[in-house]
Amino acid sequence: MPGPAAGSRARVYAEVNSLRSREYWDYEAHVPSWGNQDDYQLVRKLGRGKYSEVFEAINITNNERVVVKILKPVKKKKIKREVKILENLRGGTNIINLIDTVKDPVSKTPALVFEYINNTDFKQLYQILTDFDIRFYMYELLKALDYCHSMGIMHRDVKPHNVMIDHQQKKLRLIDWGLAEFYHPAQEYNVRVASRYFKGPELLVDYQMYDYSLDMWSLGCMLASMIFRKEPFFHGQDNYDQLVRIAKVLGTDELYGYLKKYHIELDPHFNDILGQHSRKRWENFIHSENRHLVSPEVLDLLDKLLRYDHQQRLTAKEAMEHPYFYPVVKEQSQPSSENAVLSSGLTTAR
């Protein structure tokens, strides 16, 4: 009879929540204050998810454009968790800003009110991004991830749909904190999180003692899809096939090494479908259409993110220090860069 899986803990920010008061992370005890939804007039439907419907709206008290996320009937505990996390992260770098929590006066349905972002659909946007754009937006996303991780929170659903980009204003926001959770060392978490193409190997092999590094895998998948112009990069037909797609790139021997290290027993179904695959070189994915987006630096970064072993993946802070981002850091350290954008807008207006 195989023993239990080996333990694991985050390499960074592991004790953040134990150093805070219980009130910070005990979301079940949180009592959100619900305002009146009548202050907001719904303008148009922006989309719908598994747990909500999202609308563009106007705050009639100040004419401000906002986004209203009307929550579908779901466990109170889940709503409390999302609200508590959004309140804890309020004001964080590139984190979507929660403006209000309201309820419909009649139906009593809860809704979350957020800042409005003039988002471009990623399927169109990713086709026009330059090499520098990709570096820039990935760096901005890393700021959001380092911030939430430093606050003891894993997002657990990083994917293009949850990264709003206003390309004209070069503004990025990480949205949809409905699956986010507080990190406590040695806690075993639900593996039914994240979206299939962005699920880390730990989820696919049912390893529950995961941590912030799960988000770094998802970010790696996004980066790969952007630089190789292959959306999604790992295109599994189901959760089993998803691991097969990953193994065809990262290799099966490497997968077995990971399983051995953490004493993970693989679902027997994998015996029939995994096969044997060698590790592929990242250069294999370069072709004429994506060559202008690929550099030795980005392949090195990608290689350090897309690792089976979650403990080996770069942390958000480590990733931000990677040479791939030097051009972005250089631009952001020049105080004139923002003024230049402003003045270029002004010169035409004069």
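Just so you know, the numbers here start at 1 and follow the chain as drawn.
In case you wondered, yes, glycine gets a Cβ from its N, Cα and C as well.
For 40-325, the entry in Swiss-Prot reads domain 'Protein kinase'.
What Swiss-Prot records for LEU46, GLY47, ARG48, GLY49, LYS50, TYR51, SER52, GLU53, VAL54, LYS69 is ATP binding site, and it gives sequence analysis as the kind of evidence. The Cβ of LEU46 (ATP binding site) has VAL54, PHE55, GLU56, VAL67 as same-chain neighbours under 8 Å, each 6 or more residues away in sequence. In the three-state DSSP classification, LEU46 (ATP binding site) falls within a strand.
Feature annotation from Swiss-Prot assigns active site, proton acceptor to ASP157; the stated evidence is sequence analysis. DSSP classifies ASP157 (active site, proton acceptor) as coil under the three-state reduction. Around the Cβ of ASP157 (active site, proton acceptor), a 10 Å sphere holds 22 further Cβ atoms from the protein chains shown.
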(Q) Suppose the ATP site is LEU46, GLY47, ARG48, GLY49, LYS50, TYR51, SER52, GLU53, VAL54, LYS69. Which further residues of the same chain have a Cβ inside 8 angstroms of that site's Cβ centroid? (A) ILE70, LYS72
Q: Between SER52 (ATP binding site) and ASP157 (active site, proton acceptor), find the distance joining the two CA atoms and give it rounded to the nearest Å.
A: 15
Q) Ranked by the number of other Cβ atoms within 10 Å of their own Cβ, which of the binding-site residues ARG48, LYS50 ranks first? A) ARG48
Q | ASP157 (active site, proton acceptor) versus ARG48 (ATP binding site) - Cα distance in angstrom | A | 16
Q.
So if I draw a 10 Å sphere around the Cβ of VAL54 (ATP binding site), how many other Cβ atoms end up inside it?
A. 19
Q.
To the nearest Å, how far is the Cα of ASP157 (active site, proton acceptor) from the Cα of LYS50 (ATP binding site)?
A. 13
